[in-house]
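Novice: To start, I am sharing the structure in question, which I have written as structure tokens.
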Amino acid sequence: MTTPSAERGQWSSRVGFILAAAGSAIGLGNIWRFPYITGQNGGAAFVVIYLLCVVLICLPYLLAELVLGRHTQKNPVGAIRLLRPGSPWIGVGVLCVLTGVGILSYYAVIAGWTFGYIFKNLLFAHLDFGHFVASPWIVVPLFAVFLGLTMWVVFGGVEQGIERWSKVLMPLLVLLMAVLIVRSVTLPGAEKGLAFYLKPDFSKVTPGVVMAALGQAFFSLSLGMGAMITYGSYLSRREDVVASGAYVALFDTLVALMAGFMIFPAVFATGHDPASGPRLVFVVLPEIFQTLPLGGLLGALFFLLLSIAALTSTISLLEVVVAYFVDERRWSRKRSVWVVGVLTFLIGLPSALSQGTVEGLTRMDWLVGEEGFLGQHDFLSIMDALWGNLALALGALLLSVFIGWVWGAEKAAQELQQGSQISPGLLRIWQVFIRYICPVVILIILVNVLRGYLG
Ligand code: PFF
């Protein structure tokens with residue numbers, strides 16, 4: 001292993017990188033967000049559009065972020081500054097860093113719920129979700145603990161911190177999901193859920209649905225805010241970016257699809273509304289566990305593993321922001337982690353209090369009107385729509401223009417080729433995607449949504 005600088009570090013192996021990048025990608029986005037967004041957007045037709053977005057937009061774009069990172073060996077701001085010093089493009093890097101803080105602020109709140117559910121399953125099975133999330137004395141400490149855990153891991157630096165966590169536990173999570181799928185699809189009434197999830201009805205598709213699918217694909221793969229630039233920057237030139245990136249996209253998509261099979265049959269079997277929003281997974285899963293022997297224990301184990309999946313994602317969110325301060329501002333790792341962590345806590349507080357604790361945050365119609373912001377009404381969901389959806393799509397649009405046109409698709413393609421066996425034909429196709437298809441499609445979707453929103 002070669003270490004560029006003591007404060008930066010590098011992955012010790014290819015497998016280490018794939019697991020860490022998959023660890024960033026696989027998280028609450030797959031298991032909490034994918035089912036609820038699918039439920040809100042009508043089911044199977046949304047899933048089809050989601051898969052198209054992953055293959056046609058996200059996969060080529062993921063490779064672009066990785067090569068930009070590997071080429072420059074820097075965080076998003078540093079990467080852009082190195083290639084175009086003093087240009088306004090640096091603003092895109094700044095957008096990435098801000099998006100990192102924005103997403104982390106509410107993501108760690110949900111991760112805190114997940115963490116709390118370990119104990120709830122064991123000790124307070126009767127406590128219902130509505131009460132749980134509306135209790136500030138429960139959710140705020142959980143949020144703080146989760147953010148603290150993330151800070152603690154990021155203190156440790158790349159190698160010891162991130163890799164160690166990713167290696168053993170993700171396969172265990174997938175195994176447990178497989179058990180839950182078997183239980184869910186064999187519940188009486190499960191067929192309706194399978195039909196909802198698998199039989200597309202394209203008449204339900206609106207610009208909003210397409211935007212939700214694209215945003216979810218970016219969110220799930222940790223794209224559009226430079227996480228993969230930063231992770232790519234810890235990658236050596238000998239590594240095959242194409243194969244590694246494809247594995248990451250494949251694993252991430254499989255886990256999301258599994259989450260759908262786990263949730264929807266049970267949603268219909270237990271008579272819940274698939275469109276019930278962020279609470280969906282938290283109310284449906286415990287009902288599945290109730291039907292299983294040792295359900296309380298299995299439930300606790302599941303939420304423990306999900307907390308760890310969330311942790312490998314929050315680590316990457318914080319890592320982007322910290323890498324910026326370490327590389328660009330020459331702060332120590334420790335100081336960066338403290339400053340960013342405390343700031344994120346303050347920004348996340350309103351999200352933690354927006355699920356029934358504070359009325360003005362729970363229904364923000366006073367600010368966003370009756371229709372809501374992209375259909376969302378509470379502070380947490382609005383933050384999610386703003387940062388986890390719009391900002392990621394905008395970031396990806398600007399970064400693909402930067403990589404395809406400003407840095408240049410040929411140079412990026414040369415970097416992509418290093419260490420990989422990609423054929424010249426595929427390489428040319430990739431250049432077309434990064435220059436034309438990715439930015440144009442994202443732009444069309446964004447414009448359509450904003451036109452609808454602005455009336
Ligand atoms: N991809 C993560 C998930 O699916 O849970 C969330 C995420 C992590 C989004 C890192 C963006 C990011 F940069």
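Note: Cβ is positioned from N, Cα and C throughout, glycine not excepted.
Feature table excerpt (TrEMBL):
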| type | residues | note |
| --- | --- | --- |
| TRANSMEM | 12-32 | transmembrane segment |
| TRANSMEM | 44-68 | transmembrane segment |
| TRANSMEM | 89-115 | transmembrane segment |
| TRANSMEM | 135-156 | transmembrane segment |
| TRANSMEM | 168-190 | transmembrane segment |
| TRANSMEM | 210-234 | transmembrane segment |
| TRANSMEM | 246-268 | transmembrane segment |
| TRANSMEM | 300-325 | transmembrane segment |
| TRANSMEM | 337-358 | transmembrane segment |
| TRANSMEM | 386-408 | transmembrane segment |
| TRANSMEM | 429-450 | transmembrane segment |
Novice: So which residues does the transmembrane segment (386-408) touch in its own chain, when a touch means Cβ under 8 Å and the partner is 6 or more beyond its ends?
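Specialist: Contacts of the transmembrane segment (386-408) (Cβ under 8 Å, skipping residues fewer than 6 from its ends): 33, 57, 61, 64-65, 67-68, 76, 80, 83-84, 89, 92, 95-96, 98-99, 102-103, 106-107, 211-212, 214-216, 218-219, 223-226, 229, 373-374, 431, 434-436, 438-439, 442-443, 445-446.
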Novice: Based on Cβ pairs under 8 Å, which of the stretches 12-32, 44-68, 300-325, 429-450 lies most in contact with the transmembrane segment (135-156)?
Specialist: 300-325
Novice: Using a Cβ cut-off under 8 Å, which residues of the same chain at least 6 positions beyond either end of the transmembrane segment (12-32) come close to it?
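Specialist: The answer is 1, 107, 110-111, 114, 159, 162-163, 165-167, 170, 177, 216, 219-222, 227-228, 231, 234-235, 239-240, 244, 247-249, 251-252, 255-256, 259, 278, 281-282, 306, 309-310, 312-316.
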Novice: Counting CB pairs under 8 Å, which listed stretch among 44-68, 89-115, 246-268, 337-358, 429-450 touches the transmembrane segment (300-325) the most?
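Specialist: When the Cβ pairs under 8 Å are tallied, 89-115 comes out ahead.
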Novice: Cβ pairs under 8 Å only, please: of the recorded stretches 89-115, 210-234, 429-450, which one is richest in them relative to the transmembrane segment (337-358)?
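Specialist: Between the stretches 89-115, 210-234, 429-450, 89-115 has the largest tally.
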Novice: Are there residues at least 6 beyond the ends of the transmembrane segment (246-268) whose Cβ is under 8 Å from a Cβ of it, and what are they?
Specialist: 18, 21-22, 25-26, 29-31, 34-35, 38-39, 43, 47, 50-51, 54, 58-59, 62, 174, 177-178, 180-181, 183-185, 187, 189-194, 196-197, 220-221, 274, 280-281, 284-285, 287-288
